[in-house]
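**Student:** Per TrEMBL, transmembrane segment is recorded for 20-38, 90-109, 116-141, 147-164, 176-194, 206-236, 248-265, 285-303, 310-328, 395-411, 418-438, 444-465 (among others).
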Amino acid sequence: MREVIPDRPTPVRRRRARRIPILALFVLLVGLAVHARLATGPHGIAVEGRLRDTDAYVRTMRVEALRRTGDWYATDIARLNAPYGLSMHWTRPLDVLILGPALVAERLAGVDARRAIFWSGALSAPVQHIAAAFAAAWAAAALWPGTVAWFAALTLIGTPPIAFGYGRAGFTDHHMLILIAAVVGLGAALRAALEPRETGRAAIGAGLAFALGVWVSPEALLVAGPALAAFGLAWLVAPDGTPFARQGMRIAGAMLAGLAVAVAVEQPPARWLVGEYDKVSAQHVLIAALAAGSFAMAMRFGASDRARRLALGAGLAGGAVAVLLALYPRALSGSLAGADAGSIALFLPMVREMQPLAPTREGLFDLLAWAGVAAGPLLALPIALLAWARDGRRWPAWLVLALPFAVTLAATMTHRRFVVDLAAVSGIAGAGLVWFALRLPGRMVRALAVAAAIAVVTCTPYLALLMPHPNASGESAEHACRTDALARWLVAARPGAGPSAPGDADPIILTASPDITPELAYLTPYRYVSAPYHRGGAAFEDTVAVFTARDEATARAVLDRRGVRFILLCLRTRPPNLGPMHPESLEARLRGSGDPPPWLRPLALPPELDGTYRMFEVLR
């Protein structure tokens, strides 16, 4: 096989470099076309004027509160988990990225502050998605220089859960910021592994990018952790492991510095030493410090025999994990460790993106749509291993891709939401399949191989369209219980006559479904009990207690404790966390199988809501 990564530019490479602006323009146009079509198509934000996800409404309310109050540390959402407020695990980087353009539009163009924040947030995801694609091309160029690197960009542009989900206009969400941090961190880490004896600029850049990712969400450790481990393995296997330990120390040290700054900025001083599993905190600073200290110790023994290095490495890794678990026993569960018992039992099993991917006939649609992006790396990485096994320069870079790929693939198979992290690695690694196809001898063979490689890398997820869709029949809950008409009526009719400005006196509504509350909380002058977030377990427990109660006193006690003014039911769907509906339960009575208690008064709803919702006022 021909030289995989030329060490010096050639005339051919110089000519190919001139094509890069054209390819960059092509990627930009493809990205803009995809997002423009989605925004203006059925259910697009330009057509409906609605955000596409519950997180989007809560994030928008959060940014509005920051602009209104200027209180950097006030991160609870007062309108959810009423009357106590909902503690959120989100952090401020995305808030700032949304608020900045909104303030410019507000002050220079006179746009209403609320609309400015709405549209700045709504458009943030596609802008970041396209930026992540360009970052992926830069990252892939470390291993696959020239035009092939742009297939990493196209892979990220076309990954279905990103293009049609997290990266779509209207998804005011932090996942695209995680994607950018992951691909930039991987690109810099690849360069640090390829040139371990060079200056530490690439390694420091990788550490800072990974620190940004963890600041946005600790799930970025799914990429950062294995990438660091790759330098540890390179230290163990290489004849002289010192350069790799030094690069690992630089990455971890930069992460340590970046995360220390993140904690100092994100948390009030009184919480600088408090650990949180699902939000950047002292725990994550400790992880980086343990990694940096381990690499610093490993540097001193980089030239030792491998048996001694193996014993030392096992001791350092085991000691670091022991210290971490002694202080944070659930650290290996990552962000999920931040979920309370109520959410684990009553909420997380309902969340589609938290469900596993099953390699079964029934699960093929979801498997291909969510994890099909891994097809390219599954072929490219074994080929690269065979080609580079004796290449002292490139096999460490292989580790930097292979370990994060294995971890993120396993994570995605367990919880499909981690596809963003998987796509970050897969876009870079998958481009290698096209590169190796281009190195094959014979024009016809090469042309067929390149076409097949491009199809595998970019089109595999879309094979899902040939499979039966598990949700093809029936109306989705999202459209069965649409909230726009309900919100208009609540604003116009104002049952309960609460004040128009947000505040503690706004009436509280208990809903059976948590999925409708974020949009209603954004659009209406009411507060709501349940919300689809893992820190709101008590709200789920109280909601289930009310609707499943067969004893009126039990339900009334919960309603009085929370100060609930209204109960709202969507008749077309039923949350599965309520369990089998007992005919004597309060829910069954409210749905029409019996008379409601005398202390619940049915409200007359307009014709467009009749048959979809039922609403009751709690009489006191």
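From the backbone N, Cα and C atoms, a Cβ is placed for every residue, glycine too.
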**Student:** Between the stretches 116-141, 310-328, 395-411, 418-438, which wins on the count of C-beta pairs under 8 angstroms to the transmembrane segment (206-236)?
**Tutor:** 395-411
**Student:** Are there residues at least 6 beyond the ends of the transmembrane segment (310-328) whose Cβ is under 8 Å from a Cβ of it, and what are they?
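**Tutor:** Contacts of the transmembrane segment (310-328) (Cβ under 8 Å, skipping residues fewer than 6 from its ends): 232, 235-236, 275, 277, 283, 286-287, 290-291, 293-294, 297-298, 301, 304.
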**Student:** Are the transmembrane segment (418-438) and the transmembrane segment (116-141) close enough that 3 or more Cβ pairs fall under 8 Å, when only pairs 6 or more apart in sequence count?
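**Tutor:** They are in contact.
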**Student:** Using a Cβ cut-off under 8 Å, which residues of the same chain at least 6 positions beyond either end of the transmembrane segment (20-38) come close to it?
**Tutor:** 44, 126, 129-130, 133-134, 137, 146-147, 150, 153-154, 157-158, 163-164, 167-169
**Student:** Can we call the transmembrane segment (176-194) and the transmembrane segment (444-465) in contact, meaning three or more C-beta pairs below 8 angstroms at a sequence separation of 6+?
**Tutor:** no
**Student:** Given a Cβ distance threshold of under 8 angstroms, which distant residues of the chain, six or more beyond its ends, lie next to the transmembrane segment (285-303)?
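**Tutor:** Same-chain contacts beyond the ends: 211, 221, 228, 231-232, 235, 240-246, 248-249, 252-253, 255-256, 259-260, 263, 275, 309, 312-313, 316-317, 320, 323-324, 327-328, 331.
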